[in-house]
Amino acid sequence: MALVTTAEVCDANPQLIVSGELRALQPNFQIYGRRPVFFGPIVTLKVFEDNVLVREFLEEKGNGRVLVVDGGGSLRCAILGGNPVVQAQNNGWAGIVVNGCIRDVDEINGCDIGVRALASHPMKANKKGIGEKHVPITIGGTRICDEEWLYADTDGILISRTELSV
């Protein structure tokens, strides 16, 4: 995927777009981290202003996966910070997409991992451990399921039901 852009994937696969097998997330995400291009199988998580489960996932071996977190689009606190991102980088995660806020931007921008989020916010999240793992989530009208594939570059983010052969 590194040599083929998301725009080229869209141009080459109109039938997948029409069928809904290939979807683009709305262009609401800011680019963080040192890896602007990343892809991998998706792991889903649904939380709201709570980051305990986010940290738990990133403590696991990533094996090239992408954690997609539906944080409800909250702009009231950050559900991802520098320490978990460093851990994700060290544990082999390809990337993290957060429908919500992050913090410790300078630290995250120094990490060799791809991160997308709506914005940054200095306030930390709650620590109650409430949320749902491995469930279908919807971000900006796009349904995303565990084990689908995510492809991100500077043009945007694509979700595919299967791994694309490009």
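Cβ atoms are placed via backbone N, Cα and C, with glycine included.
Some features that TrEMBL has for this protein:
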type    : residues                           : note
BINDING : Gly81, Gly82, Asn83, Pro84, Arg103 : substrate binding site
BINDING : Asp104                             : Mg(2+) binding site
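Figure note: comparing Cβ neighbours within 10 Å for the binding-site residues Gly81, Gly82, Pro84, the maximum is reached by Pro84. Residues Gly81, Gly82, Asn83, Pro84, Arg103 are the ones the record ties to substrate, and the longest Cα gap between any two of them is 11 Å. The residues near the substrate site, meaning same-chain residues not in Gly81, Gly82, Asn83, Pro84, Arg103 whose C-beta sits within 8 angstroms of the mean position of the site's C-beta atoms, are Ala78, Leu80, Val85, Val86, Ile102, Asp104, Glu107, Ile108, in sequence order. In the shown protein chains, 12 other C-beta atoms lie within 10 A of the C-beta of Asn83 (substrate binding site). The 10 Å shell around the Cβ of Arg103 (substrate binding site) contains 20 further Cβ atoms across the protein chains shown. All chains included, 21 other C-beta atoms sit within 10 angstroms of the C-beta of Asp104 (Mg(2+) binding site). Calculated from their C-alpha atoms, the gap between Pro84 (substrate binding site) and the residue listed as 'Mg(2+) binding site' amounts to 10 Å.
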